[in-house]
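Remarks on the structure that follows.
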């Protein structure tokens, strides 16, 4: 047989027992570098799991305990603490622990100490006797110190025993997950929770932060699985109370019913809308319109402001005993901005603006409010990073443009209020289709009431900075806003300087102008004013009517009379409110006292105008103050239709 072929002749083998050997490699690591396949399969290189299903059970099956030894082979992410002997940790108190009982040896020790004290008194003259007498006293003090140390260690161990055991038990049921979160985007994963009890329980899920929430809606759960390519079963009405139970602090937690030893996939989503970049801080700055910083600097400041935080989700039974803890380490990254919009608004006012936004590609079928029939509409859902910002978008038809209304309050000048607006095509707000960044600059505001083509004088106060600067003022409409001085001038440190401004609006209605004081040496804006002008039409004294044909090739010359109302010689200036339709031949005419003259003007050919157009001829004096105004009503007709 095969068992006897290696035995001696005439002998038989008999199995009397089994010898178990444990072999370990005590050599050094090889010098050759491992291959990539070995690194991927080894436990040394721990890559982040690509699966979004996280298990609550440890990565090992059984932790065996034999002869007071815990096997930790293959366990790298769980810390197992071994008890240490006090003798090994504190060798100095070894003699105290191994000494005999103090109660039994107390009388003998007192007798010996008394005898040694008597011997010391007899031999006090010699130095050698002094050394031998002080030796027992020194040993007694050392022994007392070691006994005090032992009592301190025992007391500290009794005080921290419960806390240490609870900490290690909590660490054993805690699972950590690292997530890099971008504002506006949602991160989804499923946590496999197992009921460790042999009986059924209702497990409540408590989260300590609003950014982490349980997905209780089955429709949203299926959409998130499709979005993140998670292929697992979806259970309808899994949570017994979707609104959650209310604890003593008033927070609502969802609850799930689990049978004995049952496992369930708990869907979680992590999402935040908090995104305030460093340029949008509410702080006073002497230069709110500074140059744009590089992406690396903005990213660094963003990470410094929004540091990573830890969010915990606790799974508790009815009696409050935790059966699992999910710890999520969230690291924030700066958002990707598609468009940046800067607005200038007066300080301590409310900004109301309407912005045209792109329509989503996917249309939604809803019931029409007017007809009651289904119709295709475009619905865009918006969310601002600041809760104090009001964003509103109404559903529109497929062929209609989509507008977004923004309402934001400004602070004292000069401050910058920055926020992000996330636009979504779905109502669950999972992935934004556009991210817009708004920067609202609060500036000084000046309200003026003017007359069309009449000069209004005003004064601006410019306050100097901590150092002297060479400043020049610029306006966004140099034809209508004239600033004096127009050249560069010096502004003393912490001083006040008056800047004169002449406003001569050419259109009626509300107009907004902007005046900037710029440091021409450092190319920085020192101060900004927003000029809000309410322009009204001058009083019309006479009105004339003329009829022209559309597309008339030849201009038409007309004239009207004007009389000097003063008894002195005057010069008057004539201006047209629509110079592209009516041109005055002489912009300045000198009149004698009570003299009457004719004003000649030319009506130019017009194509894209309204059928009835009112053109005003304004008459101003030498101080550019309106004296009179004539209205020329021109009616444009088709040349083929008789008048």
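Think of each number as a place in line: the chain as shown, counted from 1.
Just so you know, glycine gets a Cβ as well, placed from its N, Cα and C.
What TrEMBL lists as domain 'NPHP4 SK-like' is 106-169. Taken from TrEMBL, the feature domain 'NPHP4 Ig-like' applies to 184-331, 342-441, 453-535, 541-636.
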Review point. What average pLDDT does the predicted model assign to the domain 'NPHP4 SK-like' (106-169)?
Key: 74
Revision key, fill the gap. Per DSSP, the domain 'NPHP4 Ig-like' (453-535) contains 0 helix, 53 strand, 30 coil
Exercise for review: On the DSSP side of things, how many residues of the domain 'NPHP4 Ig-like' (541-636) fall into helix, strand and coil, could you say?
Suggested key: 0 helix, 58 strand, 38 coil
Practice item. Run through the domain 'NPHP4 Ig-like' (342-441) and tell me, per DSSP, how many residues are helix, strand and coil. Key: 0 helix, 60 strand, 40 coil
